[in-house]
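K.L.:
Pasting a structure below so you can have a look.
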Amino acid sequence: MTYLINSIQRVPQGFRKVLYFHWPLALLLTAVSSAGFLMLYSVSGGDFSRWAEPQLTRFVMGFILMIIVAFIPIKFWRNMSVAAYIGGVVLLVFVEMFGAVGMGAQRWIDLGFMRLQPSELMKVALVMILALYYDWLDEDQVSKPQWLIPPLFLTALPMALVLNQPDLGTAILLAGGAGVVMLLAGVSLWYFAAAGSSIIAMVGAILQSRGTEYQILKDYQYRRIETFLDPASDPLGAGYHITQSKIALGSGGFSGKGYMQGTQSRLNFLPEKHTDFIFTTLAEEFGFVGGITLLGLYILIIVCCFLTAVQNRNRYAALLTYGVAATFFFYFAVNMLMVMGMAPVVGVPLPLVSYGGSAMLVLLGAFGLVQSAHIHRAR
Amino acid sequence: MKHKKSPTDKDFTSRISRRALLLGSGQLGLAGVLGWRMHQLGVKQADQFRLLAEENRVNIRLQPPARGLIYDRSGNPLTLNRQVYTIEIVREQADDPEEVLRRLAQLIPLPDSQIQNVLAEMARRRAFVPVTVATGLEWEHIAAVSANSPVLPGITPQLGLNRQYPRGADFSHVVGYVGPVSDYDLSQTNDKDPLLLIPRFQIGKNGIEAKIEQTLRGKAGLKRIEVNSVGRVMRELDAQASTPGTNVQLTVDAELQRFALEKLQGQSAAAVVMDVNNGDILALASAPTFDPNKFVDGISVPDWNALNGNKYRPLANKTVQGTYPPGSTFKMVVGLAGLHFGLINERERVYCPGHMEISGRRFHCWRRGGHGNVNLREALRGSCDVYFYELALRIGIERISQVARTLGVGIRPDIPLPAVREGLAPTKDWKKRVKQEDWLIGDTANSGIGQGFVLASPIQLAIMTARLASGTQIEPRLVNMFDDKLEPVRGAEKLEFDPRHLDMVRAGMYDVTNHTRGTAYRSRLKDTVMAGKTGTTQVRAISKREREQGIIKNKDRKWEWRDHALFVGYAPFDNPRYSVAVIVEHGGGGSAAAAPIAKLVMEKAIELGQSGYGPLPSQKRNDLRLREEPT
């Protein structure tokens, strides 16, 4: 190997790229996705063709996409950032006007072979354009207020579009990903402190305004907040999902009830058991051990990304890798907080595990970008 | 790529690494919280959640037991568990319940009002809960419904058990009836049996059905079923069969009961026949009566109002719930007390001029001209009031009541029927306590002829007569057997009275029905000898004005004001077997209204008396048809 590595040029070319492909990361992604196939097979009650098979097909497609993206130089993707962002925004506006209504929200475009969710695409495009912006911007300028305006606008535009759908979960993930890129780009921590405290103040104001004539949110939105804070107050209504989800998680115990033995999911006590709440079935059937193992796999993926980013001296590539990793982290963290009753139910799927084509393809494509940054980093 | 700063700039990489470390530790911290939460839910509180998941999953369905049957002494069934077809509808399976019910109405009798009721009940319950549409259907209806099942989604015929009373009105007071359990019933009982929570589960509402409800009910079977989140049954986990209720054999004779009721027909009256040797209650007839079958599915309002508004009070079981002044039938008690306490002997005579002055008031004898000089036997025979005024004053109320209680008057009879009344053997303390008045000497005189405060129910009079006849403390016995378990005879011990004293009283009773001057001579038996005593009790004293207007005859007065007619007796005289007590409310004189009925009933009892007990209830087990599992 020493000879091989020495013989490689600073940036690998041609077949040598295969050697620099981040195989452990690809393996971890496959492992997590496999957990998804396993659980989708289980929640469908042993019907392979219902959810597991399409998911598997999309994983294969996504994996190929990842490899293709990985072997294209990161420079190309850097140059594509603006196009990706503009394309994402255009598609979001498009679903706004023509999108089909699914689950009460306009979220996807029917492409025939799959349903494309532009909001998924937007998560990556936003990270790309912010990484580009901070790559371009002189580092001394990042904390200047006038140079904060463009990234905030770039973030606010797609957030406004997805909130309009309405899709609070995606908006949170967009904000999280953008925030991480800005944080790592070196934006003064005081801005983050100020943003954090103003959010707290706003939440306070929203809760205080209830019942007054200046009431900010609708009544049903307040009820959702109440239900989140105390699910037991409405065990058969809105709190039902959270309560049943906790029951499923808890009843799994240490080692679970066994594969396909989860009564909560099999008897339909769990809501959205193949999408947002799939983690509860996993924890019910494989217990604490299964849950913590999946969490461990997720953390290893983040660690892989961080390790390659830290060694990457290309600012765009590093910021992009961190950004993708952070978005991925927010993905599973918000989902798990949600199903474990520690965050309101906002509709964030469990990445790579929940049933969903767009998320699978976009996530694997995004990891293709991470792979590209890894392969094409200067050594 | 041109950069204002080289991408390899040390400053940049160190800052980005520093920030990445900050971010990484933040993320690791959050991951730690996630892991901790998983541990909390899945390990620390796992037991609690496991229980909740199990509660989610498993439903327990009760399997109603077959109710115990009730038989008469010959083994004739007094109750049946009839198989009935019921039609149920499940809302979630019927696309349009209203349309389905309308189609159903063309096949079975189903009034519009019932359709509205069913729709209202369906709206109240969850979509998968079956709601009863119609009960008591014939096989043809079920066949029609089954044949049309494709156009009747959500409709299922069910087989259930319904209580039926084959003897109709004969035993409505004794056996009672069952009815659907009501919210009121639930609020009145501390019975925690989950069966009671089944909608329209039938429980005993009256009579023995109510009194020994828990014995008859049996034990519910359990079926554990797995249900999904909307409650639909997925599979049966395990089942435990129900235990049928205990069968009960009564001491009553269905034929004698019917005969007695026939004789009481048209009157507000009661008759009790009791075996003086073992206490068996052979007939416990209260008239008028009603059809208990009307109550089984819940009685209609017009029917209920008709029963409730009837001045003859058909709903009351007068044999145990009606208490009346015993009148002259109480004179045996007074006579026996006088002999027992040595205050009179059989030869001593009292002069009866037709009235007696007591503390300035005139107490009349029923015979205005008086009885002349009478001893105990003659006083009983002619029912001389003056003799017993005199005797009561000698004895005093406390000792009279003591003897009355020994003979069962004023003591609640221990029989398994609801609302059994205690009657009253008054004392000075009682009057002080209840009426806040002092006992007067006139009260004692009135008590001497069974008027005033003394109250007895027909069954108490039958017990009193049985004790006088047998000389034992015999207790009534209504239940012969619970399944195979024989109920003991109670009170076979001898009474504390001197047998000669008892004989003296019996001699008086003999004369009542067998001496030409006895008050019930016309009601004497032909083949055997019956001893007895008539009684006529005033419900309302004849006022001076009425006396002056000449309205002294009963039939001239309003029904409610007429006298009660009573008769007690036993036969055969030399070897007593049965005692009988008859009361006809507002029937007039005891000798004219009550004694003839008692005579007929006693003759019938003796005629039927040769037959013993029929088959044991346990041998009748096959009569119980187990309720089929609802599917």
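Sequential numbering from 1, following the chain as shown.
The backbone N, Cα and C atoms fix where each Cβ goes, glycine too.
Got these off TrEMBL a minute ago, pasting:
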type	residues	note
TRANSMEM	A:20-44	transmembrane segment
TRANSMEM	A:56-76	transmembrane segment
TRANSMEM	A:82-104	transmembrane segment
TRANSMEM	A:146-164	transmembrane segment
TRANSMEM	A:171-193	transmembrane segment
TRANSMEM	A:286-310	transmembrane segment
TRANSMEM	A:317-340	transmembrane segment
TRANSMEM	A:352-370	transmembrane segment
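Help me understand the surroundings of these features in the structure.
P.N.:
Listed by sequence, the residues of this chain that lie at least six past the ends of the transmembrane segment (A:20-44) yet keep a Cβ under 8 A from its Cβ atoms are 8, 12, 50-52, 55-56, 59, 63, 66-67, 70, 259-260, 262, 265, 273-274, 278, 281-282, 285, 294, 297-298, 300-301, 304-305, 308, 350-355, 360, 364, 367, 370-371, 374-375.
Residues 122-123, 126-127, 130-131, 134, 137, 139, 142-143, 148, 151, 154-155, 158-159, 162-163, 318-319, 322-324, 326-327, 330-331, 334, 346, 348 of the same chain, all 6+ positions outside the transmembrane segment (A:171-193), place their C-beta atoms under 8 angstroms from a C-beta of that stretch.
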K.L.:
Are there 3 or more C-beta pairs under 8 Å linking the transmembrane segment (A:317-340) with the transmembrane segment (A:286-310), counting only pairs at least 6 apart in sequence?
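P.N.:
Output yes: the transmembrane segment (A:286-310) sits against the transmembrane segment (A:317-340).
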K.L.:
Counting Cβ pairs under 8 Å that are 6 or more apart in sequence, does the total for the transmembrane segment (A:317-340) and the transmembrane segment (A:146-164) reach three or more?
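P.N.:
These two stretches do not touch.
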K.L.:
Any residues 6+ beyond the ends of the transmembrane segment (A:352-370) with a Cβ under 8 Å from its own?
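P.N.:
Distant Cβ neighbours of the transmembrane segment (A:352-370) are 22, 25, 29, 32-33, 35-36, 39-40, 51, 54-55, 58-59, 61-63, 65-70, 74, 77, 108, 114-117, 120-121, 123-124, 127-128, 274-276, 278-279, 282, 294, 305, 308, 320-321, 324-325, 327-328, 331, 335.
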